[in-house]
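Remarks on the structure that follows.
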Amino acid sequence: MEPDSSSAEPNTHTRTYQSVTNQPSATSSLRRVFMEHQGSGAHTPGTIDERTSLLAGTSTPEDLERGGPKDPAPGRPQPRRQASQWQKVRYYVPSTAWIPEYSLPLLGGDILGGLTVASMLIPQSVSYASSLAKLSPVTGLFSAAIPGIVYAFLGTSRQLNVAPEASLSLLVGQAVSDVLHSDPHSHPVDPDSVGLAVSTMITFQVGIISFMLGIFRLGFLDVVLSRALLRGFVTAVAVVIMIEQLIPMLGLTSLQHSLNPHTTLEKFIFLIENAYGHAHHLTTIVSFTALAILVLFRKFKQFFPKYWFIYRLPEVFIVVVVSTMLSDKFGWDEDGIEILGDVPIHTGGSFIQFPVRHGTLRYLRKTTSTAVLISVIGFLDSIVAAKQNAARFGHSISPNRELVALGAGNIAGSFIPGTIPAYGSITRSRVNGDVGARTQMASLVCSAIVLLATFFLLPWLYYLPKCVLAAIICLIVFSLLAEAPEDLHFFWKMHAWVDLSLMALTFFLTIIWDVEVGIAVSLVISLLLVVHRSSKTRMTILGRVPGTDRWKPIGEESEAMEDTPGVLIIRIRENLDFANTAQMKERLRRMELYGHDRHHPSEEPHRPHAHTLVFHLADVDSIDASAIQIFYELVETYKARGVAIYITHLHRTARDKFEQAGLVALLGEEAFCKDVLSAMALIEQGPARR
């Protein structure tokens, strides 16, 4: 399998050579090659960013990697060089590119990045697992550690942090809840074992799906889904999470278990009916005090961006520690506040188990749809975060390699029962880069700290109030909602009614029905819109610019006009394939009878039928077999009507395919002209060819 073309190529060779000169003294030989190539001196590296440019791996010129000869003289064609086996290894296993080149100056920033992200990730993972996924807190910590280690060796993004996310954890929690409530006789009595089995099967399927998408080079899927769909989904998920977390923040968990509201709408009504009369006052005070401190702490830090010791204070970790100490000192658990309690490190049997076994396989069919949705949503979040950091720090990423790395990480995680899917986080990855992380060593440091916390820190969190964990998740909700007003205003300003409708549909279906239905329906509609838009071939009518031998599109702010009655000159402005040629016949008929003006199908034609068609195919670089077959049938139809056909500006590749399909024999060699001027000269010389 060759390296995929979807990888970004952000640097020129000159920039790469300059990057090489910024390496420590161990790379002096590379510096000499650069100086010979450029004929000038090299500057001294001033920052860690400059010294890490060589770690891109795939963007380093082959001559420098092999120590081979310099580039040939200018103007001389360069022979195509086959990638060596080592270069392919560096591509498929990116860690083999950055680990050998790792230098000590990078270690400080990577350790600081790992420590900072871990201080955020530990309480978040505990919150996601216990409050959203309805699982043991330890599963969240394992999910934050294992996939990150695997991604560090296989991922192409240097700052991406891979761990559980709020929206994905919510989907797992809903799947667990659906299985528990679907049929009480279809699973064991112990709900914890059911939760472990369901989450394990989801994580394993998510890993397989992501891995196979990468193997089959489907990393382009991130361009299929619209921004409006994602915004509607993220906003709806934020509202769903907020409603879910208000229940423990108000101390209504016990009442919820007795009344058992299932859908988001039912839970919202439950809150309205019981928030005033049945809320636990001390729990409410602790919850909203913690939330207020978190929000104010985050606002306070924004005033001191230059003071890193203030700007990088882990407010979430501080609130967790302080609330745990206060809960222990004042005995909040005796006053009715739910605490985390004992969190034993058990996974329902041996520590590591094969994910596909009798206890998990029974939930395969019930969890596949959830796994597909998590794979799509998780990849989209991850690729956005990876691209942001790639543009920011000047390195390249490969969406296909990202899929493979994320899939492998989740497959590895699923061998520990109960783990939840892990994908890249925009927020944590941004913080990782801000603090100073420049390689995936930061991810290894973060995972190591999380594992230490899993085995040694959890007993210290015995008195941690669960309502504080809910407040932490609400803080994440605020960040999910932050961009919604800006996107709404932009779509409204652009009169993008289709995008606004798609956003609203996704939002309301997710709120009223459930998350899976909302995203599934919106995905189908989004794909239908893509198919609808791609099925229309972009064609324009050309007219002659008066007094010249030039033809331009009519109606595009030009003076061009049709000067030969009965002759229709059509320029096809894109490559042809089975999708966009299916409606070509109808499109041509409308252009022939109505021109380029917008019209309603019920209107009477205001143009006569054409006796000659000229196709301008300069923009058609490729055409597939189905499109040629449709075009052949189209030409046959027009010839049966007695319409003459001319084809101009045809590329050699397309002409070869026309010959193979019999179009050249059908039309004759004289029908293929160099340009429109040549075709018009033939038309004006004598009677049109029929």
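Glycine residues also receive a Cβ, built from the backbone N, Cα and C atoms like all the rest.
The annotation compositional bias 'Polar residues' is assigned in TrEMBL to 1-30. The region 'Disordered' annotation in TrEMBL covers 1-86. According to TrEMBL, the transmembrane segment annotation covers 194-216, 228-255, 275-297, 309-326, 371-391, 403-420, 440-458, 463-482, 502-531. What TrEMBL lists as domain 'STAS' is 557-683.
For the domain 'STAS' (557-683), the number of residues in each DSSP class (helix H, G, I; strand E, B; coil) is 57 helix, 21 strand, 49 coil. Among 371-391, 403-420, 502-531, 403-420 has the largest number of CB pairs under 8 A with the transmembrane segment (194-216). Nonlocal intrachain contacts for the transmembrane segment (371-391), taken as residues 6+ away from its ends with a CB within less than 8 angstroms of a stretch CB, comprise 8, 10, 156-160, 162, 165, 167-168, 171-172, 201-202, 205-206, 209-210, 213, 219, 221-222, 225, 230, 233, 397, 399, 402-403, 406, 421, 423-426, 429-430, 433, 515-516, 519-520, 523. For the domain 'STAS' (557-683), the model gives a mean pLDDT of 88.
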